[in-house]
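Accompanying notes for the structure given below.
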Amino acid sequence: MRLTQRVSQVVPSITLEITAKAKAMRTEGIDVLSFTAGEPDFTTPPHIVEAAKLALDEGKTRYGPAAGEPALRQAIAKKLREKNNLPYEAANILVTNGGKHSLFNLMLAMIEQGDEVIIPAPYWLSYPEMVRLAEGTPVIVNTTAATDYKITPEQLRQAITSKSKLFVLNSPSNPTGAVYTPAEIRALAAVILEYEDLYVVSDEIYERILYDGTEHLSIGAVNDEIFQRTIISNGFAKSYSMTGWRVGYLAGELPLIQACSTIQGHSTSNVCTFAQYGAIAALENPQTCVETMVKAFTERRQVIVEGINQIAGLSCPNPKGAFYVFVDIAKTGLNSLEFSARLLESHQVAVIPGAAFGADDCVRFSYATDMDTIKQGLAELERFVSTLA
């Protein structure tokens, strides 16, 4: 069978390869210490589960509107107005099958052959592939630990051409945990507004997972002008431990949302109906479940960051958000694929190679795991690195 050129340009997920290898080792009875999780290790809060159960009992099991249940679209718009200072109405919201789906819909609606999409690296691994599937061109802008892996206004300006259509902003970041300060957000907004046809999509899936009093500012809240150029991608997976529920959303100007809704209507159609009622409960009830989770992540973050920075040859910034640390391994002399493969084979510790995120001199550790695993993993990591000297 001859497949399309479009598909041939898409790179298979490196993370799936590592995960598959770790699972195979476990099947063989080998105990693997995994730091690969891209999801919280907490169960979905009971009140969210109960809301979905009630929806099932009430017969909310049929097809729904492709754009989402009206009550959920209203709840999301209210949240964006009151918590993020983004003046959206329900009509500006599209409920999608997870945050990833919201971005995929967006790329299909906005990007076509010849369009460039600016993506700072390290990046979430699906961004460039989505752009390629939409037949656009990803323009990768490399950042370093010196700027906390954040793109500067000067770098953004230098990357913009007459073909630039979209800038992808992810704060807090996967894989680095970096969070742009309000001043940095305002500076990026000012650059975007220098160019008439440039838009920004702000991926805010980790917005609730913040540390040390860090403030999250949505770029669309800076002023009315940048609001008109902003698209918001978000979801319920990370903040509410709802990764398997597959409920995300896109917020933007009405023509865009209508176009994305049309695309969704001819692909997946509506998100699981009763899952949407769980999402409503997540928004409309007290947020203590999020606070409890973040408290646990805070404790784990301290242990893993201190532990890694005490190992000769390794270093990592202290993340301000999400639940990842991005570890610089350059001094070991190994690239990220070699480092990850050897660490897994010899010391049974699974991490994600930075090559998956556009940074081959780093690896990503997730601390969405228990404290015992973190401590054991750090001990094995130190033993492994000592063999490289």
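The backbone N, Cα and C atoms fix where each Cβ goes, glycine too.
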According to Swiss-Prot, G38, W124, R364 bind L-aspartate, and the residue from N174, N285, N309 that belongs to that same site is N174
Determine which residues of this chain, when G38, W124, N174, R364 are set aside, have a Cβ within 8 Å of the centroid of the L-aspartate site's Cβ atoms, and list them as they appear in the sequence. L125, P175, A322, Y324, I352, F357, S366
Three-state secondary structure, R364 (L-aspartate binding site) (per DSSP): strand
Can you tell me the CA-to-CA distance separating G38 (L-aspartate binding site) and K238 (N6-(pyridoxal phosphate)lysine), as a whole number of Å? 9
